[in-house]
Every structure is written in C-alpha cells, then in structure tokens.
Amino acid sequence: MATTKSFLILIFMILATTSSTFAQLGEMVTVLSIDGGGIRGIIPATILEFLEGQLQEMDNNADARLADYFDVIGGTSTGGLLTAMISTPNENNRPFAAAKEIVPFYFEHGPQIFNPSGQILGPKYDGKYLMQVLQEKLGETRVHQALTEVVISSFDIKTNKPVIFTKSNLANSPELDAKMYDISYSTAAAPTYFPPHYFVTNTSNGDEYEFNLVDGAVATVADPALLSISVATRLAQKDPAFASIRSLNYKKMLLLSLGTGTTSEFDKTYTAKEAATWTAVHWMLVIQKMTDAASSYMTDYYLSTAFQALDSKNNYLRVQENALTGTTTEMDDASEANMELLVQVGENLLKKPVSEDNPETYEEALKRFAKLLSDRKKLRANKASY
C-alpha cells in the first residue's frame, strides 16, 4: 500500500510541474484502463461494445473505433489482450478488432485457451493455443505501430523487474519494440495458469535483449489505471498534443477504468478462526483473489479521492461489478454457460447506479463520457484543419 501511495504522490508531482501550451484549446488527455481477470475480460468487453456503439452513433460513423478517441489505452493480463486488439492496426491501418468483436472472440477461442493440458507438473494450461491465436490475429505488428499510445505491463522473472511496453519508451529503450503477440501473451501468462514467455528483441546496438516474462498483474496489480496515468503525464511533458495536463488540473484529464469484477463472498466465507488453521496450500488457493480484490479497491480509492479533491470527480469513472458469485468469480471457466453469465453481468452492470451516493447509472455515465470523447475529437480535428 505504501508503494502505491508513493507512486500516486510521484504522479501528482509530475502533474504539478507539467507545462502546457495546448490547454487553452480546451484539450483533454483521454485514458482508458482495462483490468486483468482471465475469461472475465468478457465484462469490460461488453462495456467497450456499448461505449464504441455510442461513439459511432454520436459521430454518425460506423467505422469509429475506440483508438480514435483515447490518447492512452492501458491494460494488464486479459486487459492487455483487449488493449492490443483495439489498438493494433490491420492492413488498412485501422484497429483489427471492433469492440463488438471482442466478446465473440472469447466465445470462439476461450474454451481452447482454457483447455487443461493434462500434465501433472507445470501450469494448468500449456499456452500453445493462446500463442497460436495471438500470432494469427496480431501478425508481425510491433509496439511502434500501435494506433495510439499503449501501456501493457509484464514482469521479468530473470531480472525481477516490471516491464512496461509503451510507444513513448521506445526512443530510450528500443528493445521494448516487441511484437504485439509476444507482449499480449506475456501480460496474460499468469503463474500457475500459463507458462512464462521467453523471447528476444534487439537493442540500439543490434545486440540481443532477452525477456523472461509473466503476467503483468505481478508487476502492477490487476488494475493498471495508475500506471496508465503515469504514462499520460510523461507524454504531456514531451508532446504538445498531450500537454493539457497542468498544475494538477484533472479537469483536463478523462479517465475510464474498467474492471473485470470482484466478489463479495470473502467476508461471508472466511473467518480468522477458520484461517488460523490453514496450511500454505489453503492460502495459495485464495490469496490471489483476495490480493487482486484489495489492490483493485485501493487503486480506485486513491484515484477517486484525488479526482474529487481536485474538483474533477466527473472526469473519472470506474466501472466495476463488486458482487460476482459462483462460477463468474473464476478466471478460467470458459464454459459457454459461464461466458453467457459474464455477458449478463456486463449488460446488467450498465443499468446499475455508479455508487450509493450517485444515482447516475453506468449507462448514463458512459453516454456522458462518450459525449466528452466525441467533442474532444472534433475539437482536435477542427484545430488540425486550420
């Protein structure tokens, strides 16, 4: 927790010293962050489909894509996979996947991705089908070709350091210009679920640079929103097009953070008396879910507090279902029945109020966000025409 607090303070310091030559135009830095959660990625995918549909309707453009509206798109684990899908270009230099195609992707490939390998030793899944699909979909595309700034995290188990793949880092670290399928597999390679991923790129001197990577959640927790904001602020220092963040002016930043759902069952199921007798194996079965839920909650707490304190609470929206039950809590239940339930979770979430204190539904809030995104895109287009 202390590390996250220090990180947030650092972000504030960066924001406070960021110069702006573009803010007078009413620009906004727009950030989309997508959590990890395995097959539960169906939940944010359902939300993204709704948002992209709203943007298409508002702008009367059936070809409108999320990458056209967000300056930064960040994701961890399955969120990193979604990030790649909506930002990697196809042969026409447009995102290879529309938001409405993501849920069908899970239905088509999820059962084979999460098909147990049958091995007694090693991870639960061999990852071969996941890699095959990623190679087919993403091709030879590399980070520098992404249609907007991306933030995809992983963790190198050889160096014991997080690895953050972004376009803005490539000038100083060209070895990070990896293939998108390598990055997408790496950020999803959750320990015990999939094997770690080894691959090699080249440094500026042409030397080989090796990566030994696992799931990005190991490095940045399951909610990458803070990480995505830090990249956005660094961009603001370097590029006038992103320079509208100034002096803690969160009114110039729009952050949409999408969760993959958490469960409220922990406090109903476990007591201190019961857990006192647990072995290491018992803890291993539940600690990851507990950690993910707690870290996601705290990230949301820090961000919502910051935006509210800086009179910009309407510029941050966290879309999260906090009461998953039964099979929907699992990261790897890719049965058709469970995936249908996850779609229902996403659709029902749109009708729920944002919070107890805010009767606005997520659907209404997303429509409001879509209007801001649309207006901001038109503003930039008008400026470019002069």
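Counting starts with 1 at the first residue shown.
Each residue, glycine too, has its Cβ placed from N, Cα and C.
It should be emphasised that the depicted structure is a prediction, and the values quoted were computed from it without experimental measurement.
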Stated Swiss-Prot location of motif 'GXGXXG', expressed as one of 36-41, 204-209, 258-263, 354-359: 36-41
Given ranges 75-79, 325-329, the stretch to which Swiss-Prot attaches the annotation motif 'GXSXG': 75-79
Cβ neighbour count within 10 Å of S77 (active site, nucleophile): 34
Average model confidence [pLDDT] within the coiled coil (321-384): 92
Three-class DSSP secondary structure - S77 (active site, nucleophile): coil
